[in-house]
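> As annotated in TrEMBL:
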{"type": "DOMAIN", "residues": "216-319", "note": "domain 'Fe2OG dioxygenase'"}
Ligand SMILES: O=C(O)CCC(=O)C(=O)O
Ligand SMILES: [Fe+2]
């Protein structure tokens, strides 16, 4: 059947599952519905009944001590950042200065949001990807052929006063706790940008892009992964790279995040109170391919619910993203086309986001 004939059939079927995973689990469930079963080659490898086979290699992500970054050891820390961004596309940040209460309160209030009755949560359900608040399930719930085991709440967060009035009013302390979290994450992002630019030997005080990033976009994505009766058959999130410049990820104490490292999926051990920071597609473009936006995915488990909060930061939605002129010369021609948010939206809303296909579509292929 041609794609134009299949699409309406999928959209009709998807309506049955649009209320999301939490709703499904609340009704009681002992098996994963077919809609959530991934093709065998995409599934995580478990032994029976649901014990995850750990990869041979146990990955320790580079750890950046933020306090050190602000002290005399800055040059050394910057070198670690460079290595981490070139090799893994990921690192973990400790001693970042955000009070433990701010991140704990955020996780806790998000848990309470997902425990609200479905009718309350679904007030924010919309297919409009530029809505200030969007509640939903899977990745693209009207288009996905296979669903992932994840419900989400997405909040546009910068400039905050423009968006805050649209954020959920229940639980009653949601807005204030989430606003504090968003503001402090933004500050942390700005310090991270300075370090990243310096690590690329770009002077942040002179650079146009650095100024744009200060007034850039921020999207806070809260992910909720309820326990799954058959975690070996599904994924919390399929392999993807993040769209923005940098993502600052906060997780509770339940593991689930895996990154692709040397063609193997490796689990990231959560360090309580730390942030996992990863290079997004825009930083890969901006650094002209020097820093890599690496594929990652999320596994679920049969016992513990998991919450993560990803804060995606980038240029303003109206900006055109391109390789930095400071990194381009005769020997280093641009590797990526200029790209904007509208092109991205058009791309993702017309197909399933898979692997790094958006970024791939922006690459310039030269014949040597
Ligand atoms: O839940 C996680 O650990 C990762 C979430 C993620 O990759 C995302 O929101 O883009
Ligand atoms: Fe991600």
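Glycine too: its Cβ is placed from the backbone N, Cα and C atoms.
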> When the domain 'Fe2OG dioxygenase' (216-319) is classified with DSSP, how many of its residues are helical, how many are strand and how many are coil?
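Taking each residue of the domain 'Fe2OG dioxygenase' (216-319) in turn, the totals are 9 helix, 45 strand, 50 coil.
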> When the pLDDT values for the domain 'Fe2OG dioxygenase' (216-319) are averaged, what is the result?
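That region's mean pLDDT is 95.
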